[in-house]
Structure formats: C-alpha cells, structure tokens
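Enquirer: If you scroll down you'll find the structure; I have some questions about it.
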Amino acid sequence: MDSRESGLKFTVLFGAIIASLGAMNSGFNTSALNIPGNNVRYCPDAPKGTMTYYPNSSLPQCLPMTDWIWGVATGMFAVGGLIGALLCGPMSNYFGRRDSMMIIDVTFFIGAILLALATTSAQFAIGRIFVGIGSGFMTTVISMYIAETTPPKYRGTLGSLLQLFMTIGIFIIQLIGLGTSSAIGWRIVVVITIIPTIVQMICLPMCVRSPRWLVTKGRIDEAREALLRLRNGDIEEEFADMVISVTKGGQQDAKGDQPGDRDSAAGFQNENGGVTENTDFTLNFFQIMRIPVLAKLTMKVMVIHAVSQFTGINAIMYYSTNIFEFSFGENARYATIGVGALNMAMTFVALALVDRLGRRLLMIMSAAGMCIFGVLEMIGLLFNIGGLQVVCVLLFVASFAIGLGIIPFIYTAEVYPSYAVSGASSAALTVNWTCNFIIGLIFPTLQAVCGPYVFLIFAGIAFFTFFFLIAFVTETKQKSIEDIGRIEGWYDIDPRSVMSKKQKQDLGNHL
C-alpha cells in the first residue's frame, strides 16, 4: 500500500502532540493575566498606586500601573510574538523544525523567571516579550512540522492540534486564575508556563525530524529513514515525489529522469552511487515575492491571517470580562471561563471536521457565522438585551473556533514548497501577530467612539472575508503537498531565478 494512503503511525501522533505543547504555552501566556490582572496592579489593603511588600521579602506584592502602562505591558506579549514569527524562518531552516523548538523553549524559562520575580513594570513587560517570542515562534513552526511529517489524509486533523492545545491552555490557565487571584497567586500563574516547556524539551529528542527539511539539507538517507519511521506501507513514491519537489523545484526532467525512476528515486544518486547533496536552499520573503505564483499565494495567505484577527476575536478574548459585566456583574469572570470552555469544545469539533468538510468550507462557514453574530451582538448592546449579548458572544467565538481560528495555520503550512514555507510562514504569522496587537490596542478606543456599532465593523470585515474565501481559496484537504503544488501552480516552477549567487553555487549542477 502507498504510504500516503496507509494508517497513522504512533510516531506521527506523538510528534504532533509534543510539538503542540508549544501552543499550550501560547494559550497559557495569552490569558494568564485575564482573571488575576487586578492583583498584579493593585496591592491588597492598600490605596491604588501604593506598593507593599511580602513579609520578610524585597518582592513587591503588586506592580502599580496606570491603565495605559498596563495595556502596554500586557501588549508586549504580541510584540514578542511578532519577533518570534520573524525568527522562525531562519532558525527553523538552519536548525530544523524539531531542534529549533528545543532552542526557543529557553525563552519561556527566561520570561517566566522575569515575570515571577518582577519588581518593576519594565521587568514585567520584558518578561511578556520573552514568553511572546516563544509563543510566536511556536505558532509558526508547529504547523510546518506537523504538515511535513503527517500523511495527507490526517494532516488537517493533526494540524488542528495547534489551536486545540492553545484553547486548552487558555481554559486551564483561566481555571487556575480563579484560585490564584491574590497577591502571591499571580506570580504562580505566570511561572506555570515552564511545566509544558520542561515536558516538551524532554520529549522532543524522541520525535522524528521533518524528512522534507532533511532533504533540503542534502541528508537524503536520513530523510528516507525518517519517512520510514513516520509511515506504514511503501514509501517509495511519496519519497521520490518529495525529493523531486524539494531538490529540483519540481523540474522532473532536469537530469533526464523518467517517470519510472520516481518509484526508486533513482535520479537522485550521484556517479559514486551516493545520494545527491548540496540541496540546501531556501527563499526569504523578498525572493518569494519575486516569483509571481508564490507572490500571489503569499498575498492570499497574508489576507487570510489578517482577517482572522480583524474580525474581532481578540476583542472578545482580551475584553470579554468587561463585556459580560453588564449581564453578570462580579460573576463576569465565570462567563469568561465559559467562553474559554466553548472555544476549546468547538476546536474539538473543528478537529473532527477539518479533513471531512475541508479547509475552505469551514473557513467560509466561520466567516458567515461571525458576520451574523457580530450584527446580532451589536443589536444586543444597542438595546441592552443582556441575554442576546451573552449568546451572541458565545456563538461568535464558536464560529471563529471552527474555521478562522484553526485553519489559517494549517493552510499556510501545506500550500508552499519546502524551499518557501519558512519564509512565507514567518511573513504570514508576522501579519497575524501584528493584527492581533492592533486589535488589542485599539478596541477600547473603538468601543468608546463607536459604542455598540464597533461590532458592525467586525461584521463588515467578516462579510468581506466570506466572499474573499469563496473567490480565492482552493481546497487542500487530503492532498499531498506536491498535489497542492500542482493546483496552486508552483510545482513546475524553477526557483533559481531569484536565488543568490551563493545559493546557486550550493546547488551546483544538481538542479
């Protein structure tokens, strides 16, 4: 049986789960301050702005901050995420998808220490930057690793683990926040991020490296061995197709290969009987944008990531407690946990549907739902209908979770050739984190200026997204990356025209 049609091996599932622990860390740090935030800013039994200290300690019980400074310190997480997304391309290319995750885990340790021992708002903000770097890096590299190690028919389901583990992290940290809303509790919350970090660092060496990355490094024998560990059945056709795509930019006849050679990858042996080497080449973002097919694809992917944020999900995730205070008063934090629980539950639904209904349909359904419930949320706020507000916020989050919350990461990782995926993914996730930061920063002002009509803005963006997805997004479910390349038009292109002189020298005559 062809390996692309065979069942799922445990090694694939294990690798996807361990990689996705980085997404759980991202969820932890996204919502770590949601519930205990006031305990960070205000010391117990003291006037606002007054700093008190733990008994027999030089550590302050709180870090007094104005609303503006608090917003900036909290928002540094998204700034760190932006840096992490930019670092992902070069690091994952040089060290590999698996090993770069082990290296970047150090930032979670640094961030946790800075946050847990913070004595000033500046130190607190720097700590948020470090955990943001790890989170931004992980949300970029996890999708690439899973896409490159998983058989086509399971790639969507396992790719969904990124968002699933992120929502699980959000939900768990919110539950922990209920019991740690105290002067000492907030320091415990911010240090919990080291637990999944330690587990991941211990287990990552047991995971298989990406065979596609190994091929780009000319380590063909290691790539074959890695694919054998990841697949049941006969790997020869899948392996040959992978090597052709990665090493020759899809130029199947570059050295006179015949179709029959693909089953044994015969065209990749040198005259000494060894395998081809010096296939290490990747394109950066600017080189990608000089290839029309990839430039068009990249613009499409960047729009998808932008609208996934501009449809307003983080307005809910960052400020849901304020929105729910109208209906629930002091119990608003429990409603916030309800949002986190629903977000997690609907991600399970998306995980079950992504390889059945497909990426395109789920994103279209997601945009339609966010448009409808955004309008209804505006009506609920406009006419002070508390029940409608709560229901619409929940359904708004559910709509996001089944499509735009999960699929942009999967789609980005699977629509590019190996030599372009790192640069393109870094660019796309940079857009994602930038838009995340913008929404978190401007929503309070928008809400003050527009009132209930702020949700009409989000609904309008979701309306645009609905038609954009119908017009420009192709379906990729259960297709190999090479088949997707044929659909998108990049499989037969020659990337040499935009490569540097050094890259061309490295490739030599093997292209």
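Cβ atoms are placed via backbone N, Cα and C, with glycine included.
Copied straight from TrEMBL:
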- 7-28: transmembrane segment (TRANSMEM)
- 15-477: domain 'Major facilitator superfamily (MFS) profile' (DOMAIN)
- 68-89: transmembrane segment (TRANSMEM)
- 101-119: transmembrane segment (TRANSMEM)
- 125-146: transmembrane segment (TRANSMEM)
- 158-178: transmembrane segment (TRANSMEM)
- 184-208: transmembrane segment (TRANSMEM)
- 250-273: region 'Disordered' (REGION)
- 254-264: compositional bias 'Basic and acidic residues' (COMPBIAS)
- 297-320: transmembrane segment (TRANSMEM)
- 332-354: transmembrane segment (TRANSMEM)
- 361-382: transmembrane segment (TRANSMEM)
- 388-411: transmembrane segment (TRANSMEM)
- 423-446: transmembrane segment (TRANSMEM)
- 452-473: transmembrane segment (TRANSMEM)
Enquirer: Calculate the per-residue pLDDT averaged over the domain 'Major facilitator superfamily (MFS) profile' (15-477) and state the result as an integer.
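Expert: Over the domain 'Major facilitator superfamily (MFS) profile' (15-477), the predicted model scores a mean pLDDT of 86.
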Enquirer: Among 68-89, 184-208, 388-411, point out the range having the most Cβ pairs under 8 angstroms from the transmembrane segment (423-446).
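Expert: If we count Cβ pairs closer than 8 Å to the transmembrane segment (423-446), 68-89 scores highest.
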Enquirer: How about the transmembrane segment (297-320) and the transmembrane segment (184-208): at least 3 CB pairs under 8 Å, pairs 6 or more apart in sequence, or not?
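Expert: No; fewer than 3 Cβ pairs under 8 Å.
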Enquirer: For the transmembrane segment (101-119), name the stretch out of 7-28, 158-178, 184-208, 388-411 with the most CB-CB pairs under 8 Å.
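Expert: Comparing 7-28, 158-178, 184-208, 388-411: 184-208 has the most Cβ pairs near the transmembrane segment (101-119).
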Enquirer: Take a look at 125-146, 158-178, 184-208, 361-382 and tell me which one has the most Cβ pairs under 8 Å to the transmembrane segment (332-354).
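Expert: Stretch with maximum Cβ contacts: 158-178.
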Enquirer: Counting only pairs 6 or more apart in sequence, are there at least 3 Cβ pairs under 8 Å between the transmembrane segment (184-208) and the transmembrane segment (68-89)?
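Expert: They do not touch: fewer than three Cβ pairs between the two stretches lie under 8 Å.
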Enquirer: Taking the transmembrane segment (388-411) as the first stretch and the transmembrane segment (158-178) as the second, find out whether 3 or more Cβ pairs fall under 8 Å, excluding pairs closer than 6 in sequence.
Expert: yes
Enquirer: If I count Cβ-Cβ pairs under 8 A between the transmembrane segment (158-178) and each of 7-28, 68-89, 125-146, 361-382, which range comes out on top?
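Expert: Top-ranked stretch among 7-28, 68-89, 125-146, 361-382: 7-28.
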Enquirer: Using a Cβ cut-off under 8 Å, which residues of the same chain at least 6 positions beyond either end of the transmembrane segment (125-146) come close to it?
Expert: 15-16, 19-20, 22-23, 25-26, 29-30, 72-74, 76-85, 87-88, 91-92, 97-98, 100-101, 104-105, 107-108, 110-115, 118, 155, 158-159, 161-162, 166, 190, 193, 210, 409-410, 412-413, 421-422, 425-426, 429, 432-433
